[in-house]
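Working notes, beginning with the structure itself.
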């Protein structure tokens, strides 16, 4: 009888030790798992932080690159007296017109919706005048409306312009002969591509460009024609 009681007592004690050891192992496993979870969580947070900083840096670099390109490129702070040679812009006031507005219009979002009465083509907006002005007055008119006289980049754009012109007379574009550079220059400061366009007429001081039937002609800048604004 005593042996039986001793056996039962030993059996109970053995079970208690086994249960305690199991509890200790389970708690230890949980502690290890929690430790690794904290490590992984820390690594994840660090990686996310690095990615966020990298993205912010890229955005800042792109923004600075666009700004520097705009500042150092054709959109300089030179006055329009330099770009238009000896032309007097807006006679009487002899106002100096900065090219900052041209720079702003070129860096604008290409997906912007065109204003009322403006036509959209290839991410740009076009306005066709019904009045007639000299080249310099036409230039000022466009600039005051946060745009510039038409700059034509290729024959497809020329075809679009001709399709929407409802008359066959001359129309001013943003191209003139500058005495300082002694060349035909667009209002954004870039030279004309002679491989794409040929200008009929003299290349001399006080000469501005007008289009008629898909051709570009040299005309006296004081002549009065209709014009096209673009942004």
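Each residue, glycine too, has its Cβ placed from N, Cα and C.
Swiss-Prot lists 1-38 with the feature topological domain 'Cytoplasmic', giving sequence analysis as the kind of evidence.
Swiss-Prot lists 7 with the feature phosphotyrosine.
Swiss-Prot lists 39-59 with the feature transmembrane segment, giving sequence analysis as the kind of evidence.
For 60-231, the entry in Swiss-Prot reads topological domain 'Extracellular'.
What Swiss-Prot records for 77 (among others) is N-linked glycosylation site.
Taken from Swiss-Prot, the feature N-linked glycosylation site applies to 91 (among others).
The annotation N-linked glycosylation site is assigned in Swiss-Prot to 96 (among others).
Per Swiss-Prot, domain 'C-type lectin' is recorded for 121-230, and the stated evidence type is sequence analysis. The domain 'C-type lectin' (121-230) scores a mean pLDDT of 94 in the predicted structure.
Under the DSSP three-state reduction, residue 229 (disulfide bond) is assigned to strand. The Cβ neighbour count for residue 229 (disulfide bond), using a 10 Å radius over every protein chain in view, is 24. The annotation disulfide bond is assigned in Swiss-Prot to 142-229 (among others).
According to Swiss-Prot, the N-linked glycosylation site annotation covers 176 (among others). Using a 10 Å Cβ-Cβ cutoff, residue 176 (N-linked glycosylation site) registers 25 neighbours.
For residue 208 (disulfide bond), the same-chain residues 6+ apart in sequence whose C-beta sits under 8 angstroms from its C-beta are 135, 172, 175, 176, 177, 218, 219, 220, 221, 223. Under DSSP, residue 208 (disulfide bond) is assigned to a strand (E or B) in the three-state scheme. Under the heading disulfide bond, Swiss-Prot lists 208-221 (among others), citing sequence analysis as support.
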Task: Provide the three-state secondary structure of residue 176 (N-linked glycosylation site) computed with DSSP.
output: strand
- request: Measure the Cβ-based neighbour count of residue 142 (disulfide bond), defined as the other Cβ atoms within 10 Å of its Cβ.
  value: 25
- request: Could you find out if DSSP has residue 142 (disulfide bond) as helix, strand or coil?
  value: helix
